[in-house]
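Student: Take a look at this one; I'll ask things after.
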Amino acid sequence: MKLFSTKFEKRSSSKEFKEADDVSPKEIQDMSVKVQVSRGSSRKFKVCPSKCESLEKIQDMSVKVQVTRDPNFIRDNKMVQTCGSYTFSNNNLYTSCTDLSELGSFIHWTRHTNGTLEIAYRQPDFSSTNWIAWAINLNSTGMVGAQSLVAYVNSSAPYAYTSPVSSYSTTLAPGSLSFSVPKIEAENSNGEMIIYATLELSSSLTTVNQVWQEGPLSGGTPGTHSTTGEHVQSMGTLDLLSGQTSTGGSATSSRVRRRNIHGVLNVVSWGTLMPLGAMIARYMKVFQAADPAWFYLHVACQSSGYIVGVAGWATGIKLGSDSSTVQYDTHRNVGITLFCLGTLQLFALLLRPNKDHKYRLYWNIYHHAIGYCIIILSIFNIFEGFDILDPEEKWKRAYIGILIFLGFFAIMLEAATWYIVIKRKRESSEKYPQNGNGVNGVNGHGARTVV
């Protein structure tokens, strides 16, 4: 069973279809063809022979090859154009260029010995309802910390500006970059958007981390781009001297995976096990048959939550250190506070007084206060994390569903246990009636028994 298929397409008034095995190496080398690689519902286009699969891979697949005999169509068709054959309408010339691996984009540049970098970023098949961006990240890889050049059509005219990206929830608002950009402009013609810019970089900088992206406009300003497929693979390194590029797809997947692991660990531990453990302690101990089982269940639940939570906290610290240019102060500080409070609760068990000790009441007050504080801060910080990670809405809804489920049962158990406590007190009062001579209390009313 084939995991993916390939179709070669080259259009003209005269078309010919061939099986892959019937296409000679020379025929492929003599023609520019567009390759459509399909993996399920995901599709991407590549330009052959410069960027397509090897001939061996081509001939290993049962594919249809559409061959044209009209070379003029290839020169006029930007979908199958490589960067080296492109001519700019303003006659700009650049010493280097490369076809970017994703989104069908191209980057042209000239690097001067003083560090000045002149670039032209091209996005073919551009829609006026979209925005495009090309950025370099001087301190890390990926989106956060990137110094971006953004362009879109504003009031029928192309508009270009700079925007520093400080978080995953960026709106790409205009702002100054960490280096000077004395020139930036955009051109929109023939269905293609181009960003021209001059960047004043360090003369020692020869390799940069680059990120490029496109997304829809929302209310006339850049909206959120897709978080699937090529849109999470459009990054890598660019060697300004040799022109070599490397894609950052695997690195991106690794970072996304670590962020997801961090989120899952903390939702399970601080956001679910901790509240569940508190509910066990509050409601199970009312039932005499559950003593002392409720205590061991409570300790097991909270200890498990703490261990998993520490793992989630550690992954968060690592993620923060890997993105030293951007810090989510609130999320980070609350996370550190939770770790400290959780550790304090764990060690407090070693100092737990006996039930009849005079300090047991104060220990209970402390233990309950810290416990409820942990639960409140945990839920708050989990939603902070949702805002930072910006996952699909279904994940946030799933956690809200967990909270509603726990909250519903907490309300039901609260009512049920209060009913049991009040009933038990009434039965105890009837079993041991109080007289009115003041022996058991003033005017026959003794102190209430705490159950």
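In case you wondered, yes, glycine gets a Cβ from its N, Cα and C as well.
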Student: Pick from 1-23, 70-92, 162-184: which range does TrEMBL record as region 'Disordered'?
Tutor: 1-23
Student: Report the mean pLDDT of the predicted model across the domain 'DOMON' (103-215), rounded to a whole number.
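Tutor: A mean pLDDT of 91 is what the model gives the domain 'DOMON' (103-215).
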Student: Looking at the transmembrane segment (398-421) and the transmembrane segment (263-281), are there 3+ C-beta pairs under 8 A, with each pair at least 6 apart in sequence?
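Tutor: As far as Cβ distances go (cut-off 8 Å, pairs 6 or more apart), the transmembrane segment (398-421) and the transmembrane segment (263-281) touch.
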Student: Report, as numbers and ranges, which residues of the same chain sit near the transmembrane segment (263-281): CB under 8 Å and 6 or more residues beyond its ends.
Tutor: 294-295, 297-298, 301-302, 304-309, 311-313, 315-316, 338, 342, 371-372, 374-375, 378-379, 381-382, 385-386, 389, 391, 395, 399, 402, 406, 409-410, 413
Student: Kindly report the helix/strand/coil residue split of the domain 'DOMON' (103-215) according to DSSP, in that order.
Tutor: 0 helix, 66 strand, 47 coil
